[in-house]
Amino acid sequence: MTMRIDTDKQMNLLSDKNVAIIGGGPVGLTMAKLLQQNGIDVSVYERDNDREARIFGGTLDLHKGSGQEAMKKAGLLQTYYDLALPMGVNIADEKGNILSTKNVKPENRFDNPEINRNDLRAILLNSLENDTVIWDRKLVMLEPGKKKWTLTFENKPSETADLVILANGGMSKVRKFVTDTEVEETGTFNIQADIHQPEINCPGFFQLCNGNRLMASHQGNLLFANPNNNGALHFGISFKTPDEWKNQTQVDFQNRNSVVDFLLKEFSDWDERYKELIHTTLSFVGLATRIFPLEKPWKSKRPLPITMIGDAAHLMPPFAGQGVNSGLVDALILSDNLADGKFNSIEEAVKNYEQQMFIYGKEAQEESTQNEIEMFKPDFTFQQLLNV
């Protein structure tokens, strides 16, 4: 016996409901755009004060077949291409010798060009209806009522929603209605920083990059740099977390000299151009590498419709470039499920998305984790990873 699905009913799953997206990063904003294209009432609650808030971090590269597909569906792919910068890669050793260079061929310039995080946010914000994003909203509590969720914010009025989508990053504090899984540290640590006007402030290192991203490794210390992040040079240094840091980080990241002293000791046998980079930096950010493992199934019984996308769903080590791209695939699949009439209920649409996400999310986490293992071996070189 074939069951007939009432298509008109399905097309209106969310027609009289409102969706709350927690988090205004690229994944949350893309989700909002894709829902809005289908006439769905959606609000994004973001803790930043306003759209001018500077987002710290390196550039993002959206991949063909994943992140770019979501941008295409949103009608924003060409705008991304217009602002993104195709960049080659220089592989260097600790002495400042360029071991190999991987340049971008003209036919590959749109494969994964780099874009500044604020530029990507601006593209997405400009595509949304006015007042879609509600700024200065730090979510402190989520409570299910009889028919709607109540969202409580710090020092702001409460809101309600029929469906909640958590897109508020890897350290989300409101996952309990979806899963009891906890974020785990992987055993490596990252120190990041920006240098403005690098051509003036660290000319030796800037010239070493020569317009390309630069990667170097030596005895378990990794350095990544992008000399062109909207006029700033962004770099990151990664290493295995020292044993004495297991309970408490032994470097005070509020004290610049404390970080500089630590890094100069770690880089004592590196070329002076790398030390120039460290000496020039005015402030540093330190972060343990973390993962939100997709090992246990999420809760099948939830009081009201709720799910997670992006890092909130599958935070992973940043060693395969899969994080934001997997998150944009989340937005693409979930928005399609909610709007295309295939499912009888919001819960069914969410369940199907999560089943798909667990497959590609696990694969991305496994690739990132395997890269992390390989990259922190003493004899690792970026040449073996990038095949250059």
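Positions of Cβ are set from backbone N, Cα and C atoms, glycine also.
For the recorded site, PRO26 (FAD binding site), the DSSP three-state label reads helix. Around PRO26 (FAD binding site), taking its Cβ as the centre, 26 other Cβ atoms fall within 10 Å, counting all chains. The annotation FAD binding site is assigned in Swiss-Prot to PRO26, VAL27, TYR45, GLU46, ARG47, ASP48, ASP61, ARG117, LEU139, ASP311, GLY321, GLN322, GLY323, VAL324.
The NADPH binding site annotation in Swiss-Prot covers ARG54. For ARG54 (NADPH binding site), the same-chain residues lying six or more positions away in sequence with a CB closer than 8 A to its CB are ASN118.
Taken from Swiss-Prot, the feature substrate binding site covers GLN192, ARG213. Residues within less than 8 Å, Cβ to Cβ, of GLN192 (substrate binding site) and separated from it by at least 6 positions along the same chain comprise PHE56, GLY57, GLY58, HIS234, PHE235, GLY236, ILE237, PHE284, VAL285, GLY286, LEU287. GLN192 (substrate binding site) carries a strand DSSP state (E or B).
For ARG47 (FAD binding site) paired with ARG213 (substrate binding site), the C-alpha to C-alpha distance reads 31 Å.
Around the Cβ of ARG47 (FAD binding site), a 10 Å sphere holds 17 further Cβ atoms from the protein chains shown. On the backbone, the CA of ARG213 (substrate binding site) and the CA of ASP61 (FAD binding site) stand 12 Å apart. Among PRO26, VAL27, TYR45, GLU46, ARG47, ASP48, ASP61, ARG117, LEU139, ASP311, GLY321, GLN322, GLY323, VAL324, the residues given in the record as binding FAD, the maximal Cα to Cα distance rounds to 29 Å. Long-range Cβ neighbours of TYR45 (FAD binding site) (same chain, at least 6 residues apart, Cβ-Cβ under 8 Å): ALA20, ILE21, ILE22, GLY23, GLY24, ILE134, ARG137, LEU139, LEU151, PHE153, GLU159.
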